[in-house]
């Protein structure tokens, strides 16, 4: 099609909108994939396929950087992986035996092309490309410091801070510089970097964000979830450990633990919502955990009813668990359209509301005249749920019993999950009965925190040294929140820096 | 103006590729929506929402024509409805109180912009826009005749024949002209037309293709399926009957039955695969029929196993039915990515194969060490199934028992379903045992034709006057196949006409 | 580049806006090129180069149709030829040994993609593609008749009428059908058509619009102007004669004169403004005619002054003629930016005004303190001129003497020139002195009609049988104006037909 | 939906091609415009109009940054100013009372979107946007140093060095930082910067590159040439002096001369070719200088001939001068198409050759049987000239006498002019007679260096302290060439840094 040829000629190349500057906080949930040592010119295609498998971790934008001898090729696009990197010309466009890719979701404010990863820098040791899943809790503190020293930032992303810290490290070798940078950042992260000769992977000291290691032929693979390994046909080797740095080059894999040993505390929300059901995260099947969440929920909040109906797709495994535990038939009482993304991760508030209306359709044949147990993975604001409840009731349900397969969400996240502030979280602002009324349901139940820990295979939460990151349910943040403390101190560290409103 | 300004800057506007002329047969499955009498300037937005609900009937292209006083506004786009017509500026771009829309899938050869509907003509009685779901079996015969009389065709679509027949009718009134045209066409069709003052709907004499009538406020709605009514908030009035023409204008609705009465014979494949599970087609819940197909299958082909696993999404209701009937647990053993469309309706063979590999991921936690019953809605070529079987086995399944919720597909379709020729249909070329071997499964079973009729609520197929269109299973075509006969007579009626290869 | 891949995905391909339906009259000046018998796969590239040389005849859109064996390839684009057809992949995109191309300018109302030529039809004798320069004066009369008989028009272009007349002719051979169609149309036209085996060229009975014949190797070329022959390296053979039809096929060239002989009357405006100065039109060098216009003007309206300044670029040859005749130095007192097209042919009135301001810059070094003779090719509305006069005066000119190298324009054109209606023509509404005042100049002079005929090499206008088409100066239209008569009779033949407002 | 809307929606926005890495040297000729203190929201529109007037200084890309209160808006586009910034929505897209713009041409290798200016940085003193015309001769030296200190470059442009030097300056105030940066750079430059409250302009110590100061109402304007002031309706105040820094804020204009006084040495090529004829550069009318160049040429190389023919457009003023001095008639013997840019500044070598063939058409009516004096502004490789000579001869010229209005070009430029290396310069590799033979002309003459100085109003070149930058004719470079020295020393300072090949 000729539009193509002409797109090159077309005067407008890109224009980034930044409508609400106050909202431009770099809180994102993302996916990363890296490949090292692939057959000639296959690395970018393998990474693309892996990113496709991680599309659920970020649907707004994606990028790949490949390394061909000493040169890097990078492309960054708005939109889905299949559209951006699905073409058969990818190996020609992006040759090389190593590559790193990133898929990204962000709040409306940060939808900048320049924020799309991987981020690249030409150091005096050669080029480096980095993909980052997670969020730094001392990003703004570090950014201000670096700008004060003369660093020029090209994005509003916290990931760029890491790049500048590496660039400014006085160490001679790039791995040492990388570790120097890690020593200064706080928060949750899974990092994959490519230099001219090495792939480097790293996971934060608590292992909040996931990262797994695999092999495909002689090549090494790093990815956020095992489903990416499955899709590309790689074998799973092991999880990268919390606080571990892995360096892969022609000498093989080297594992470094540069920081003092601490107990791991992986994020529970990966199991509740983020990870794909066929992934195995930190040794646990996500599908299995979710089914057990539903089973626990059936034990904690049993009810006499005719049908168990999941809110598709994320509520499906818990609903199956609830149905198997309760003996009540499981039915597809709500049909989900596959032609829009999932509500939780649509760019704007407007689309979010519209998305719900158009995404879920009640299946009257299943619901009419029935007592319905509706199973959702979690309840955040509650606004989505109430619309669904009304639709189910309009389709003829005589009773609706809503069950959340995770505990009440009470606190915001600062480790890479885009979640509203506390004043918008329904459970932080209403009693259970108030919520039941607001949600217009006949009964309401949330899985308990201990119930969730049990679904994870624990006997319960260890209050002293909790096994998982669970602050959204408990308020117990696993790290310092430096930026948050500065903000609370009345100084907005952002406003001074972000002079650039719209950029193309 | 948009494209226009831009088109000026960007020299190329569109260019249609027609790679394989031999494949340019207008066999398409589509969806149509029409609205008449909406609030000022809302018709196009309602139609857009309705088309979105029918997106599963055609994902390749879509179009809308709105009527504003005596003027028509039309837009036709490649791609999904949400992208093309999701913008809030639609009422401004396409004002009017009446509109008709169409969503379209076609074989690779016919992906022409000029083939996208609705099709429009300026008659001497004023403009008319038509959307057509289905396929004419005497299209080429009529096209040749019309070209011989001096008609100039702008598309390779059979729908344009209808427009020319209307234009050439000697009748004075547009409804009479419309009926004149219907009298000459054969095949399966659901038609929705808008003129300056009327909306006209029509369904073929056998009711092969579906069409329903609804109301939203004072406005009238015509749509391919009830799910479109649900999505736009319209109430279901009734099915348009087989052979019925409905004319809606300021005097209300008028029903015309211009042709001799015949028994209805709706298409079974709407239930097997095409329609959305929450739709009610010809009075039957699609979800209910599919569950009963699974239940019948469990009775016809029981097996000792550990888990029932659907091929998502179209196999889900039958798998639930099979599980409920057999008492074996239903599990999500295959995870489907929502980031590609469904295999059956991808434009090119290449994408079709790639699509499968990337769309379905086995969920090892469910499959490992298990005896698996795999439920699919139907088996066409078998190439998709065997890949899935291998993937399930690679994930650790010890036995795989494949069940098709519909009978063996033996014959091609000519009424609007894109289905391969007979030599590519696995069931038409292999015995059951050969198929089992080819598909690499431990056992294989297809629902019987009578079993399917029973799922439809009949006691079985009435061999003399079959209740449904079912030639793909039985070879019993419900109408003459004029074009097919001409082709069989050794004259290719197409080659002479289609001089235009590539057009922009 | 990925923009490419994505353009395919992008839902919008084109959208045509039609803001002012009243203005949608097909008055256009265009250029045509045809090649027959070229080396394999070179025809489209030769046509593209020829169109580039004719870009001044139409800058808004362009199209090419090539014939490869029995198949046609067509592309139609908004924008310039170089952007649309400048790529090296053209022979692959548009193979064949014959091709026809068209470049187009139109009024705002008609900027439809579907109006871009060449127009194509699949007749029962095979495909035919036609390019048309000119305008039919009985277009609407014929269109109404054809629509009444059931023809469906896809454009609002008069050229499509010709295609329908050919399609409906009862003659067996395509050349006879073509002549059948010519017998029914009136107005000015140069036509180039390609069928599967023939190229056909035709010029209207009076030869109003130009068409020349050339050869490049063994191939035949038809083009609007000789400059196209020069650019592609073809030799000039001869003008196609008024009323002549030339048919070129493997038997060579056949000349047909189907209609009774009449005297030629070519359009003077081709010399005044349209044709390129290096073209030889009907045997006369355009540059030479223009210089003689300037010389005649110097004789008819001499003045004492310091510098002769042309309005670039169209006023340059006349200014050189005036300078040589008067002995006053010629200077570049106005600099023209090459980054916008020429005022006369910008799509919208708004752009037209803006264009002038940004296109011409006075050169103070030449103008300051000088008595200036400003030479323009013609004066239409006068609004452009007065802005220029003010700019020249602001740059320090002490006197400004404006000279038009053509006579006052008093009447509109209906043969393919986009010219305003009479009420907007300054000379039709003001006396010479009123014009001088309006234009804010110290003196004003227009070349006389006889002076123009003398520049053409005649002794003067033959009032009985004028040698040229010159109604814009004299009101003496060379043909009947059927549509104009119908309109004058109070019936608007357009309104009923054009139901389609916006189309994509 | 418009292409524009889609550009935003469409996943791919831009991709930069970098075909020949060896050619990626930042040698560019550009234009800059800055406005400070405009009426609310008009600054960007004024800058856009000014850039349009400077389009001849760079046709490949353009950008604008506007300052609205403390926020910056930037847009950077490939293509012409009119296409990128011609829309009426510009004040909405880019509000503010101050703005800076840049138009850019570069060699093929550097056509990166990220190289388009203005460049922007968020310093701890707030944002700063910079536009730069010229070239730094110690760019690579400084870049290496900065990268070694941890600066991350986002472009391959020398202008980014200035930004990093400002960011790293230890001074508190932005003007002091700016001067700090100037102290470290060498070469030719005209700079315009905008901060939140100030506009800063600067010209290199020798005034190699031009910069003028004007006023429009109460607002201040900085621009590369006076033609930009004329187009926007600003009055010319004065040239910014060599080595001068002007700072404009609410206190008015402050002039700073931070470096020791030196004699000015502006670039002669601005007069020979670059600047627009209606501009007044350093107090001299470009048109006047060029005419005097032609007059001097007529005196130095007189010839008996019939017509003086310019190579349009740059040879026109010199040809007029030659004609007036010699008394031989001036004629438009070569017609230039306005539909491609000028040969000298086309991106690729391939286009350059093609451009010539399609840009200039000989006007046979003027040339046939004539002795022709062909006047060009300069002769670089000679390959363009010889094609033109052949075309003129093919059109019937009996003798061709080629005259270059500037001296032989013998040395490359490093101050912002894209000129080939010495081994490609015809005059550096052939004797006059060899050139005459190569160019296939009957005689050949170049204006002498002293002749050029005389056209500039001097009595001749002052060999001790030359009045102008003229190394391309004399080899006398006005500054050190640090990067060139390093390269000559065998170390390629670029190769190590530019790891990034293709980026989107």
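Note that Cβ sites are derived from N, Cα and C of the backbone, with glycine treated the same way.
According to TrEMBL, the active site, nucleophile annotation covers D:30. Reduced to three states, the DSSP call for residue D:30 (active site, nucleophile) is strand.
Sequence annotations record features per position, and here TrEMBL assigns domain 'Glutamine amidotransferase type-2' to D:30-251.
Other C-beta atoms found within 10 angstroms of the C-beta of residue D:376 (Mg(2+) binding site) number 21, with every protein chain shown included. TrEMBL lists D:314, D:376, D:377 with the feature Mg(2+) binding site.
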Candidate with sparsest Cβ neighbourhood (10 Å radius) among D:30, D:314, D:377, the listed recorded positions: D:314
Three-state secondary structure, residue D:314 (Mg(2+) binding site) (per DSSP): coil
Across the domain 'Glutamine amidotransferase type-2' (D:30-251), average pLDDT on the 0 to 100 scale: 92
Additional residues surrounding Mg(2+), by Cβ distance to the D:314, D:376, D:377 centre under 8 Å: D:272, D:273, D:310, D:311, D:315, D:318, D:375, D:378, D:404, D:405, D:406
Pairwise Cα distance for residue D:376 (Mg(2+) binding site)/residue D:30 (active site, nucleophile) [Å, integer]: 23
Between residue D:314 (Mg(2+) binding site) and residue D:30 (active site, nucleophile), the C-alpha gap once rounded to whole angstrom: 18
